[in-house]
Amino acid sequence: MARFNVQQLVLDLHINWTPVIAATVCGTGALYLFLKWRNNQEIQKKILNARKRRDASLLQAEQAVQQFKMQNPDFESSSIVSLSLPELTGKLKDGSLQPDAVLYALMEKALEVNKNLNCSTEFLMESVAQLEDIKTQKKGLLYGVPISIKDNVSYEGHDTSCGVVSKLGQPALVDSVVVKVLKKQGAIPFIKTNIPQGLLNYDCSNPIYGQTLNPCNLQKSPGGSSGGEGALIGGGGSFLGIGTDIAGSIRIPASFCGICGFKPTAKRISARGISSCIKGQNSVLPSLGPLARDVESLALCMQALLCQDMFSLDPTVPPIPFNQEVYESSEPLRIGYYENDGYLQPSPSMARAFRETKDLLERAGHTLVPFQPLRLYHVFHELTLRGVMADGGRTFISQLYPSPIDPCIRNQDMILSTPGFIMRLISFVLKPFVSDEIAIVSYATHGVGSVIEMHGYIQEVIAEWRRLNVDVLLCPMLGPAYNFTYCALSYTSLYNLLNFPAGVVPVSAVTEEDEAQLSQYTGVHGDMWDKLFVKAVKGGVGLPVTVQCVSLPWQDEMCLRFMREVEQLTAKNKLTRKY
């Protein structure tokens, strides 16, 4: 019997299996590379198809406008697009303007604005067919008014991409509730507008449709996530638009683009049919609301939406109609105010615009009462940031891939993709050098904090509000418009956590003196975040600056009434200064 030679067996196995193992490893690597290449090809194909759909809709809109102009040689759009929304609705109602002329005038202007700003994801050519229904029915508060809608608002037959590839090629099966109600009120949704990738960003860029620019300065961001809405309306391409707001996503684009924006109490307007990359939030709540050129247009939109049709289509919405009496009241107000929230020092233009507005309100007979946000530093980190990313950002990240990552969210992607224990270690190491604000890095990956503490905080703020007996609150609003890819959450996200209605109104513009004072800006902490804020707002001379108006939950009409007061006093002051 031959002796069993272990050494020889090992040698034989090595000689016989090495090529097999090598081939297997190489084959696996080649297969991986092939699958990755094929996946990239599929991604690029989806992106290309989405861009082709957008371009085809642009071409169809151009052709429709040209055909209408040929059939109506006297047609002149500038006199239509320069109207205010109340003026427009009056002319449509009395028949001095026809819905088709208004639609094609807005289409022509929106095409021009989009060419300069890249603010549209698609024109809704169903709007042309809707004209026939409009002509026969002639009813509704928004009869014949073309309206723009943010990309993530579902419109039957069209994608709600949220700027991510994973949602492309999945057209909505039905209209969202808000679109259904708008149509019943006679409005004509005619265009969808651009957003940042994943929606959670204050810039407005994604790998599918690209970067949207600011209508006031092409070197600046329009804000986000309703940035396409802000740019289109600010550029004159829409009278009224619908956006969403989870940390300032209506108010920031409105502020950056020099228009008005309103975040209602969450659940006051139905969110059925609104797409998102962070489903299931129950602490920091998103709101759906309007953006427009003036406060009266915002109020008209709210009045149109808060109707029996919406309450029937979505029984989870409290059946509370718009309170016109509260909105039109002229009684003096008791107004709480703060110039600095203690977290982020306002830019010089923010602070000046706030002080000027406060003075106007005092001179008009309103009572101004100091009001300071409570424990904002702790609340911002423990409740707001962790509430927005309740699952540590896992759902958000899963929605991003396999999309290419846009530069505007690269930092978010890096933070949320890194294991939490590593981010906490980084936070610990860097804390002595960049202050406690490095906690942003850590908390964003923690997930939700204490729900009990959150509800306790809301009641604490309301108790302070009651103690001071204030009707509304005036505070600064982030601005002026940022340079691309910068982000800051202070001044806006608190009112999503509290679920207080909040809106912004343009009151001023950045002066040379404001810009010069940036060189003395120190910030609250004097750390890297304060330095980044200065870089974000530099080069803002001439850009609009707004203030923010806030009220208690479900007192949306009171907030709008306060916004209208600020708007009217500002307009009167500008008129007085001219003489």
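Quick reminder: no glycine exception, Cβ is built from N, Cα and C everywhere.
TrEMBL has this to say about the protein:
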ACT_SITE  K150  active site, charge relay system
ACT_SITE  S225  active site, charge relay system
ACT_SITE  S249  active site, acyl-ester intermediate
BINDING   L199, S225, I246, A247, G248, S249  substrate binding site
DOMAIN    102-560  domain 'Amidase'
TRANSMEM  15-35  transmembrane segment
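Annotation: S225 are the recorded positions among S225, I246, G248, S249 whose CA atoms are within 10 angstroms of the CA of K150 (active site, charge relay system). Within 10 Å of the Cβ of I246 (substrate binding site) there are 23 other Cβ atoms, across all protein chains. Across the domain 'Amidase' (102-560), the model assigns an average pLDDT of 91.
For the substrate site, whose annotated binding residues are L199, S225, I246, A247, G248, S249, the maximal Cα to Cα separation is 11 Å. Over all protein chains present, the Cβ of L199 (substrate binding site) has 27 other Cβ atoms lying within 10 Å. The distance from the Cα of S225 (active site, charge relay system) to the Cα of the residue listed as 'active site, acyl-ester intermediate' comes to 5 Å. Apart from the site residues L199, S225, I246, A247, G248, S249, the chain places the Cβ of L200, N201, Y202, G224, S226, T244, D245, I250, I252, P286 no farther than 8 Å from the centroid of the site's Cβ atoms, the recorded substrate location. Cβ packing within 10 Å was compared across the recorded positions K150, S225, A247, and the lowest neighbour count falls to A247.
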